[in-house]
């Protein structure tokens, strides 16, 4: 190794080549890390470096060997090809011959380039180091050959392009690198036969890996087809994709099967390696090139799933809901450049109000390339969106609230046909909302603001604030400014180190955007002050655990892969003499004879969708569940027989008691919990057994006038009257959201008109819910045209100042009258003052 180092210092030109490789690679990384509009200009820098180094290398060889250029130093040729290799990937950013390389492929590319440069100096190596380098060179040769064959369809076309401008010379670089690697191996073999064994072993490594991958791909593909056929035979009430995702093992191979054609490049149905099979716009994720997927789709037919099935499985099993949202315009050139997080704590009411102001930029090279920004905000449990603003022509425009169906129709009409400014925010399951902004042009940055009312999680005697984070246009380099204030100074406030005190009861900080952070403080006594609006008072009180007598007449075990055998057997025994059922295509009563077999069958399922509609006596039933958090959303089941049965069940309020072993719930159960379909309790198995032994269960404090905010440990009660307190208006917003969720179940899958009572309640509290959305349009004429009137007798958009009792309608009249009197008095006083 010392010999190689000394050689590099002695060979000045070789040292220059190494420096140029590092510089060229540095330029490539900078362009990737800091995306901008002039990608072609960035490529051109790499291209010029490649041309200049070609001239330098050939000039050096010509000086020494004249026209016998093949006698030139092999290491110089290797260095030159690596420089061209970097340039090829820089060009690929603009011309997109390959999709972006997967992470493991990027590592392989770097290691292969390094191996080629080192192997060229094999004569200066000895022993173990030399064999390691040739092992890596064998691995590199497999990569070069893969790229060479992949680009084969372009070879003839590239000859014409090379004559014209020379850029298409990049097409032949992998082939040339493969030739040089083979020549180096042959030359080294003449001196030391063992290097050939090392190179062959290295070449075998990716071949074996590919073989193993293809084997598992074939197995998974067969399992998918079997699940599809089995669901058809059983005439299942659930969609086919649910049956597949429930049985399919979650592995990197199965994930790639589902993403083939959506994220990963696949071979076209006619077997063409290069053309066809490119990912579509229906799944908004970074498109990637994975050689293993390319080979698998070359040798195997696609499973019996269509594109919508693939997307639904990805949504349910691989946390890909944001990427699967419907798009009207592309958003691949958008970048989030700025985030402002303004937080106000109300510890005496156990909630916070947060405003997120985001600025985004369109990095496209083409001025006409308008794009659509879609963000998914992940909020703390029980949160509700209470404001939305969009900056239009440099001015902040506040939203109006309308039904979700109308907002969706208006947005699609404007964006899909008329193509001018709207923004809309829609409620989604799982404590998320989606925000859409259009158009995002190359001429100006777009800015919007969303306001979120969030309960503070009660943990023991501490209150925890969890930051709302988002998915959307890349925010890795976004600058975030944070500000924190509070209504009353919290005790023992623990905040992230980025916050510094910047004023009285005010903290702020600036840094790179961080999606996940939290702060905490001691939980003070709840305030007795109420908020009044429209003749109703809203007041908070402690949620004191209460119990009621209950002895189940039937126990249902909702078993899936999250259960352990010990938990299953313990729950079965704890039921005593009561009948115990599980669901496997139908309700089956457990016995000592079939318990083990049924458990093994159910445990193989990734998730379960327990059919509450099939419980005959809900009032005396107990469902015991456990999950790891993955499942389809309730809305994903729309249109299925399962959803139709559930809708019928929800039309009559029948609260089943559900005990969750642990704290995780699937999205399916979370939605039903929010709609108060069941009386819910959670804890360890010993807590379940204690309830069964004591013949009792948790009693819900809720009714038409009381709603529980379980995560924060308090209740909000509504009473008639008009108090004079100055409590924040967010109490009404939280009450209304939870009250709507109680009543929305029967029309959850309804696409047309919804219950006007729920819409009116959402409008009064001015919140986003399953029945209501906020929308910002460009002009007043747009609102008139679509029949979206300004909201009256409503809290309107929340703000940092929206605390205290809101004036009643008659009080507004008095305020306006008083203001008019004051204005008149001032006007007359000014007229009476003599002018100097």
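For all residues, glycine too, the Cβ spot is worked out from N, Cα and C.
Automatic, uncurated: that is what TrEMBL annotation is.
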Which listed span TrEMBL calls transmembrane segment, if the choices are 74-90, 227-243: 74-90
The transmembrane segment (155-182) versus listed stretches 12-31, 43-62, 74-90, 102-119: most Cβ pairs under 8 Å: 74-90
PLDDT averaged over every residue in the domain 'VIT' (322-454): 94
The transmembrane segment (74-90) touching the transmembrane segment (12-31) per 3+ Cβ pairs under 8 Å rule: yes
Non-local residues, at least 6 beyond the ends, that sit with Cβ under 8 Å of the transmembrane segment (43-62): 13, 16-17, 20, 23-24, 27-28, 69, 71-73, 76-77, 79-80, 83-84, 86-87, 90-91, 93-94, 166-167
